[in-house]
């Protein structure tokens, strides 16, 4: 079956190969412009090719204008990334990739967010369930959950220190510069993603499925375990991955609460001290300049890209309907 | 064993006025009680309240056991939903067996599916089933727990007409063997399946009786209209009124079934003009406008007069009833 998209009747396979061709042409054009030392030429090429694609879609001058204007933003987002990757020195990246200090940073940068995601899910899923079913005062709780999304993250770090630091809730718990402190700060900024994703998943499960489970004999827990939970599990996983990804990229709150962290590092079999990866990149930038920090940033970017692809894969899969037939 | 229901509940949704449902009725062992009412009359909310899905005041008692404080899983009921509410992640067979994990019942799920003519669907998932197939599986799931009362909420309304007729035939067989409450807005279904009927309007019970009572002796013009009877103010009959009264001196309206009105008779009670003729399966529905009677009178005729014709109408004395507005 072909589907009419503008004037180009393309089936799914055709669309895929058109996209691949466009990407390949763009990469070749970028490589050519870069080797000439004129990346500006490539920016011009992007605008022209967007205009051409807009023209090919036969939406007239309007289509050309929209495509060209939209591509300006694409240039601003994509060109720095392309230049960043192209300008790295492979030998410096290789050197950093074999540096045990960097290994510790990458380990902490994946491990602490993983713990954060577990904490977010363990307490966020029950909250999300109640939010999806509604209760009096719900809007207040929803605002509280979403608050970290709008608070500057350095402020979030200060708030965490006031709440859990010296003189705070748990006098015996030391948070400043510790792994628990780091996880508290990460949870503060990541929890909304886990709660909201899980809540959306629960909301998509029809109430009547739960009624059906209950009226045919299941207790509330049994109905959750066999019906609501399994139907919402993709949303919970997505929420966990989103919280993890958010924690991997967190800088502000961690820089305030736990600039350097002591933690158990299995490959060394002992406690070591390292910084959260985004903090480490910033630190390296201040001390070693752009090239040094760029190499580490490239490694971190690779890890983040892998997480991003995982999220995309999970969320795309989760769009299959799981509601009432 | 008799189910005694005397409940009241108030429902409020955001931005809507609170809706109050109050009902008092009994279901006798082995009978099918139909709750009949227009959309929005509160019949589904009433059934869900009996099932224990909503908080309510008053009592639900089954054979002397008070169920009002019990959750849905403690009431020994089963429920068939309008939109099936099958668990989409379980096969038809797993859906049918669901309740048997929690309640003692020894019916064989596959045999139940076979009884309902859908044995070959046992391994299929609900999203792949047609409406009629899904509702048969849902019916099997409800019967599998051997409920003391089977609750059915408009189980036929989401189905197309041929499917509805064939499932209604099957339901007739199933309901002969169980005690059930059946909610519907469809008077044809009510008449076909009911042992007794509770008519609801605006959250209140407006008449309770056998199908004969409700269809041939409606308690009010409202019930008469909803069950398809003609409603004529007694004043329209002038000096013939006393002939038509059946003892109630305060009656205000006469009601008569369309199939009982005689068209073109001698000694007519009323004379009117044919407004519209609608062909139905074996007969034609003739709508007759009569002078100052506010609602046109419906008559069935195998040999209908043309629209615009003046016709005489006679109401057989033994087939009319009167009621008060």
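Each position is counted from 1, following the chain as shown.
Cβ from N, Cα, C; glycine included.
Keep in mind that TrEMBL annotations are predicted by a computer and have not been checked by a curator.
Here is what TrEMBL records for this protein:
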type: DOMAIN; residues: A:106-311; note: domain 'ABC transmembrane type-1'
type: TRANSMEM; residues: A:12-34; note: transmembrane segment
type: TRANSMEM; residues: A:64-86; note: transmembrane segment
type: TRANSMEM; residues: A:106-131; note: transmembrane segment
type: TRANSMEM; residues: A:143-164; note: transmembrane segment
type: TRANSMEM; residues: A:170-195; note: transmembrane segment
type: TRANSMEM; residues: A:295-315; note: transmembrane segment
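Among residues of the same chain six or more beyond the transmembrane segment (A:143-164), those with a C-beta under 8 A of the stretch's C-beta atoms are 127, 131, 170, 173, 175-176, 181, 184-185, 188-189, 191-192, 195-196, 250-257. If you look at the transmembrane segment (A:64-86), the same-chain residues 6 or more away from its ends with a CB under 8 A from one of its CBs are 30, 34, 39, 42-43, 46-47, 49-51, 53-55, 57, 294, 297-298, 301. A Cβ distance under 8 Å defines the sequence-distant neighbours of the transmembrane segment (A:12-34), meaning residues of its chain 6+ beyond its ends; these are 2, 5, 40-42, 45-46, 49, 53, 82-83, 86.
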